[in-house]
Amino acid sequence: MTTYLYVTFFLITIIHASLYHIPVSKCPKEAALRKCLDQSHIKGPIYFRDNTSAYSDDLNVEYNRLVIVYPTVFVHAIDVLDVQKAIKCAAKLKYPIVARSGGHSYEGYGIGDRDCFLVVDLAAFNQITIDVTSQTAVIGPGNRIKSVYKLALQGFAFPVHGLELEDL
Ligand SMILES: Cc1cc2nc3c(=O)[nH]c(=O)nc-3n(C[C@H](O)[C@H](O)[C@H](O)COP(=O)(O)OP(=O)(O)OC[C@H]3O[C@@H](n4cnc5c(N)ncnc54)[C@H](O)[C@@H]3O)c2cc1C
């Protein structure tokens, strides 16, 4: 029984990972980027192509899976410092860098417009801060529409499109 479960799990993992044809070749300056990110001590998870499973999961975040390019790395920043460190590495190496919030760009621009970008994923920035006095709300880019809807419970209104898709 245990063997059966292991084999099933293995097959699922293999099938899952093979949904994308993740290039095995290295991106330009990949080693230098890896070193810089490593030395920056970014706290959030970092997934290069060789971390097939996590990297595929990151590609799966994209709404339009027909427009998939293959970034060098996904950096899951958990705070502003992480974002700054990733940007510094990109600037130092003149590396193409892009921010991803929800991954709902029809064109897939959240992972760049071609292969080999450094993607800074902002999903962890999902805080909403409300200042009742000034009647303002600061909404992190990692929020989805359904979180923003909840502002209505506190007397706020937020004009959003795509109402049929709360996870947008
Ligand atoms: C099913 C569906 C319905 C939609 N309906 C509507 C609609 O009704 N009205 C409408 O206007 N649009 C609609 N869109 C389009 C969608 O709103 C845009 O594509 C929007 O950019 C998606 O936001 P995102 O956070 O998912 O962007 P992402 O896909 O993460 O990124 C899109 C672009 O914005 C940049 N970006 C992302 N986050 C940041 C950031 N924090 N700082 C700087 N740059 C950033 C990325 O680098 C990329 O270039 C819809 C899309 C889908 C898939």
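Cβ from N, Cα, C; glycine included.
Unlike curated entries, TrEMBL annotations are predicted automatically.
Taken from TrEMBL as is:
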- 6-24: transmembrane segment (TRANSMEM)
- 67-168: domain 'FAD-binding PCMH-type' (DOMAIN)
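For the domain 'FAD-binding PCMH-type' (67-168), the mean pLDDT of the prediction comes to 90. Residue counts for the domain 'FAD-binding PCMH-type' (67-168) by DSSP state, with H, G and I taken as helix and E and B as strand, are 27 helix, 20 strand, 55 coil.
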